[in-house]
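To keep things clear, I will list the structure first and then write my remarks on it.
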Amino acid sequence: WPESNWTSPQEFVILGFSGWPQGVRVLLFALLLPLYLATLAGNLLILGLALVDPALHTPMYFFLGALSAVEAAYTLVLTPRMLAGFLLPPGGQAVAPSTCAAQMGLFVALGGSECLLLASMALDRYLAICHPLYYPQLMTTSLCWGLLASCCVGGSILALGLTTAVFQLPFCRGGLVNHVFCDLPAVLVLACGNRDLQEHVLLAACLLLLVLPLIMILLSYTRVLVVILGVGDAAGRRKAFNTVASHLTVAVLHYGCATAMYARPLSSRSLEEDKLVSLIYINITPLLYPAIYTLRNRDMQGALQRVVGQRTPGL
């Protein structure tokens with residue numbers, strides 16, 4: 001496009017699945033709304049139990065509660081607007097550029113914070129199992145809050161940098177965002193001018209935030225598994241193994257989806273395929289996290305029974 005024809009759109013239009021038949025969109029809404037409510041309820045339940053039950057006032061459940069809070073906020077940023085899009089008339093949802101930038105920034109900030117939180121959880125389990133004698137002195141309350149603050153600040157700085165890098169470009173290809181939200185690649189393809197810098201920044205951020213922490217997590221849990229198999233009785237090994245398996249499953253799901261979605265150049269991706277895949281990582285994957293932590297975790301099950309028992313003393 002010649003520079004003389006570059007114009008920034010006054011609004012962006014999130015197309016979503018507006019081109020699909022209305023019956024299919026209504027069916028998707030009916031299927032995905034219960035999943036969203038279950039995801040939100042599950043994360044809020046974990047957060048509530050981690051706050052109110054004294055037995056869960058440990059570093060592991062501190063980070064688990066923080067992770068659930070981030071997940072709840074993540075779904076609130078993306079899912080309601082996506083669900084509303086299924087019921088709106090064809091043509092997509094019009095949003096102001098500032099709204100689009102805010103949604104992108106919040107999505108990146110929350111996703112980045114979650115990546116760093118998973119790494120912090122791996123560090124906590126590594127210290128607890130591999131250095132149990134020094135664990136109480138090392139993983140103090142102040143260190144937990146410091147790690148949580150670092151995760152949030154790191155995700156926010158990343159979001160500010162990426163969002164600024166994308167929205168400083170002119171958008172001369174119109175404002176039709178072929179996605180269910182203002183995702184980075186879907187907005188970046190609308191930009192004109194030299195997009196190499198922005199794309200390189202995106203790939204570098206993926207390397208720093210996805211690949212390196214995942215390597216650290218895998219190495220930490222590998223060391224943890226070696227220690228678990230070598231010491232302790234069968235019951236202790238089983239409990240520790242179940243905890244590590246839950247954490248590792250969530251980490252692989254999160255990092256795997258994120259790496260598959262964002263660690264690719266624009267030239268090798270299909271926005272239509274990305275849009276379909278987004279239905280999985282927005283609706284299905286977040287639902288698995290509370291299910292994994294609550295169904296496989298006896299401490300969470302015990303805390304839930306104690307809370308329910310306190311509220312129903314006659315039963």
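Positions of Cβ are set from backbone N, Cα and C atoms, glycine also.
Here's what TrEMBL has on this protein:
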- 42-293: domain 'G-protein coupled receptors family 1 profile' (DOMAIN)
- 26-49: transmembrane segment (TRANSMEM)
- 61-84: transmembrane segment (TRANSMEM)
- 104-123: transmembrane segment (TRANSMEM)
- 143-167: transmembrane segment (TRANSMEM)
- 201-232: transmembrane segment (TRANSMEM)
- 244-264: transmembrane segment (TRANSMEM)
- 276-295: transmembrane segment (TRANSMEM)
Under 8 angstroms, Cβ to Cβ: which one of 26-49, 143-167, 244-264 has the largest number of such pairs with the transmembrane segment (276-295)?
26-49
Is the count of Cβ pairs under 8 Å between the transmembrane segment (104-123) and the transmembrane segment (244-264), pairs 6 or more apart in sequence, 3 or more?
yes
Near the transmembrane segment (244-264), which residues from the same chain, at least 6 beyond its ends, have a CB less than 8 A from one of its CBs?
111, 114-115, 118, 121-122, 125, 129, 184-185, 202-203, 206-207, 210-211, 213-214, 217, 221, 224-225, 228, 274, 277, 280-281, 285, 288-289, 292-293, 296-297
